[in-house]
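Taken from Swiss-Prot, the feature N-linked glycosylation site covers Asn206. Positions annotated as motif 'Conserved undecapeptide motif' by Swiss-Prot: 108-118. Per Swiss-Prot, the feature motif 'Conserved heptapeptide motif' maps to 127-133; the stated evidence is a curator's inference. Taken from Swiss-Prot, the feature signal peptide applies to 1-17.
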Amino acid sequence: MHLTVFYLVALCTFASADDQPRYIINKLPYEQIKPFPAVEPDCRINEIALQFQPQLHISSGCHPYPAVDKNGYISTGLGVSHVFTDCDGSPEGSQVYGRAYVYKGYLAIMYAWYFPRDYMVSPVWIGHRNAWEHAVLWLGGLTEDPELLAVAAKSMWGYRTYAPPKSKYMKDDSFKLEYSWMVMSHHYLTATKDPGEFQDLIMWNNMTERARESLRLKSSSHFKSPLSDDRFFRALRKSYPF
């Protein structure tokens, strides 16, 4: 296993410390953030991340949007008061963010989606601008023949774990997730039999440093990317299924 870890490090760095210089975050309207181009399978981590990238089925609410551009500009989000403003897809294209790490002998890959708004319907509209959802895929057989052993999807309370993933939730190597809600809840991720869509995948270490820095900082109460070091490693600890 130690040789496997060194092999992955040599082919594609997958960890980065939050020790870079700080600077002011700039913002752009949510529909003007340009996504990063999708990663190429140019290292082993990226190959595996692309191979096992989940599908996302949207049953209600906003579609995923880019959260940050190459210059570090982040999305302003969409206020809940704009009830009739569409958020069914960015004209610039969609994005899913990935970050990988070998944790306790397993390869963990987080896939995270950004939504400009989240709300629920009760007697009145309740919600907030900016929302993140994520799932952690846990794999064994890191280099030669990776195998999906478990999926931990962020739910309303903690993580819902699918171990092993049932075939009805799979399409080839892709786990099918749904962005859903219950009547009085905010949105969350759950497994689904329904096919979804793929977004352009950008991995943490393929992003620019300005983009990573902007995602490290908390610019508002709800723009808290799960990809930053503290939240990422906390997610690995809490979602560990073995």
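Heads up, the Cβ atoms here are built off N, Cα and C, so glycines get one too.
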DSSP-derived structure type at the residue listed as 'N-linked glycosylation site', helix or strand or else coil: helix
Counts by DSSP class (helix H/G/I, strand E/B, coil) across the motif 'Conserved undecapeptide motif' (108-118): 0 helix, 11 strand, 0 coil
